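Feature list (source: TrEMBL):
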type	residues	note
TRANSMEM	20-38	transmembrane segment
TRANSMEM	70-87	transmembrane segment
TRANSMEM	93-110	transmembrane segment
TRANSMEM	117-138	transmembrane segment
TRANSMEM	158-177	transmembrane segment
TRANSMEM	425-445	transmembrane segment
TRANSMEM	451-470	transmembrane segment
TRANSMEM	477-493	transmembrane segment
TRANSMEM	505-526	transmembrane segment
Amino acid sequence: MTLSPIQAVFLTPDKRTLIFATKGVISMTLALFVAMYLNLDRPYWALISAVFLQIRPESGLVIEKGLMQIIGTLIGGVMGITILQAFAGYPELAILALALWLGVNAGLSAMVSSINFIYAFAMAGITPCLIVLLVMVSPATVTSEAIFQVAQSRVSEIIVGALCAVMVSLLLWPQSVASGLRQQSRNVINQMLDYLVQELAPNGSHEKRHQCIDTILEQLAALNDDSSAVVYEGPEGPGRGRAANLLCNKVMSLLAEIQIFGRLQRNHPEQLSQTLQTMLQQLRQSFMQMSASRDYSECYQLAQQQRHQLIHLRNQLPCGQPLQSRLLKVATEFISDLIMVLKAYDALENSDNSLLNAPALQPHRDPLIGLTTGFRTAVLFLIGAGIWIGTASSAALMLMILPVMFSMMMARLPLTMLMVVLRRLLVGVAISTPLAIFFALNLLAQSPGDFEMLILVLAGPFFVGLMALANRPTLPYGLGLCIPFVILVRPANDMSYAFSVDYTLSNALAIGVGVTILYWLFKLITGPGIPLMQRRLLQATADDLVSISVHHAPENWFNARMGDRLLRLANYDKAAADNAREMTDLGLTGLNLGHVSTRLRRLLQSVSDQRLEPLLDQWQHALAQAFLASSRGQQWPAFKDCSAELLQAIHDDQLPQEQLEMIEGMFTRVSLTFERTANTMAQKLNNG
């Protein structure tokens, strides 16, 4: 009988899962012991802190998340004290200030892509809530000293949990980010080679090409996010981080350049000479050999052979063939970028302290998404505050803390995936309640109160929950089990509150209601619609096409800006009913146009005539406008006029014939792209 992925996690766990769960139990035990030894007020927050750090067990990621957690907690602690000092006598204003602070942090968290940096904003937002709300529960005892004591306890508990998790991660069965980066980079390169084969296939499948692109973009995002944490893994870490950034950046260049050949071959085969068609098939055969090989040296030699053959072809090409000359030049640069990808992989594989560098892929920062995320989080907090004020139940505080943290950490997930995650989270919460009441608290009530007995009782549920956390399909179940279980049991030196069944049930109900409210808020406050977001992504691309020339290393800068945009466009396209993927194709066109403009300026570096600068700027604006017009199904005749004017000025400056032919071929190819794109989009709009 074949087990489902969820059943397999618990019934046939692998070694990695068992080690993960064992390390998690040890780090949580250590965090609880230290917090109780220091006689902290609520040691269970140290446990919760340790749980969140277990989600990615690699040493560099744990260190980075621990640092982000500590920094966020300290910032939040200062803000909590500030709010209490300013609004100690005005609880309504204090709650509004907390809602505003949460909204700001949630909005800022939507502007980053790394989960560790999102977690920093989450901790900066949640920590003041822990401080202010717990002080407001007992307003009669509010003094400056009491405020400081509460803030100190909350900050100390969270930091203790973070430090214990980091120490266990480094000392017991350590896992490195570097090994994960090597595996991810192999996957990216293999998937990229498969995509190149698909793109150059004369009768390749449109669906398969986009499946490859989706996988590449997702793997690039994961590789880019993890590369920031590898710097914490010894003196070789920064070199590995640079190599990973270079690999991601050059893969974006490959995505940009291969579009030229694939689209010309499919849509304008008459433009390709027999020599070029033979060259493309030779490239395809080489990519197939590289994909089948697992040896770096063999792949590197194949790439070098192709580069030498292309240079030989360029030297033999007769004059008067501008498009062919340009395509051979692009093919040579394409192979050079592929060689750089292989070198970056070699630097990762062999711990080479490479000095090669490129900017990391940047998250797309759209203020509308930030406003939506911030507004949703603030509304969730205010709903919880309203329930707390209306019921006067201290258990309702959980409505204002745990769901708010989940809201910030899960905001980047696609809506369909998010709904599945929240439903599984609710299942975990539902399991944690009877597990806490009938198993853990029932046994602890009969125990002598020893720490050893406390750990023996808690270790089993923790181990099961951590097994779920170790695997992506069951991660929401594990999160929904571990965190509420800790809150319901409330392990501490004084557990009198936890042994009160009505108090525990109230807390369980509050957590379940909070996650349910979060579920419906995500359904109701979905943010800007897909068509609007797609238009804004294309507009941002056009804006970058205008300003690309003012940046140092413009190709690398543009690649870094386009990675997350392409991933978002692909995700929006996958959510569409027709699955035609026009917007992803438009994004790839925009990526290619950025490379076209930078190559044009490189070709003209030998021309010192200052009058070309305004013409180049005019052409750059026309390029961006033609791109936007084609996305609306319209032609932009001004682009051809600007191209002709610029070409005439270049001709007057007596540029070498070879470069002149390349530029003419570039303009011809871009004009064909705009015509084809405009016709495709016009047909779609008419059918829609």
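Cβ from N, Cα, C; glycine included.
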TODO: Please check if the transmembrane segment (451-470) comes into contact with the transmembrane segment (70-87), where contact means 3 or more CB pairs closer than 8 Å and the residues in each pair are separated by 6 or more positions.
DONE: no
Checklist entry - Would the transmembrane segment (70-87) count as touching the transmembrane segment (425-445), if touching means at least three Cβ pairs under 8 Å and pairs must be 6 or more apart in sequence? => result no
One stretch in 93-110, 425-445, 505-526 has more Cβ pairs under 8 Å to the transmembrane segment (117-138) than the rest, namely 93-110
Is it the case that the transmembrane segment (20-38) and the transmembrane segment (425-445) touch, counting contact as three or more CB pairs under 8 Å in which the residues of each pair are 6 or more positions apart? no
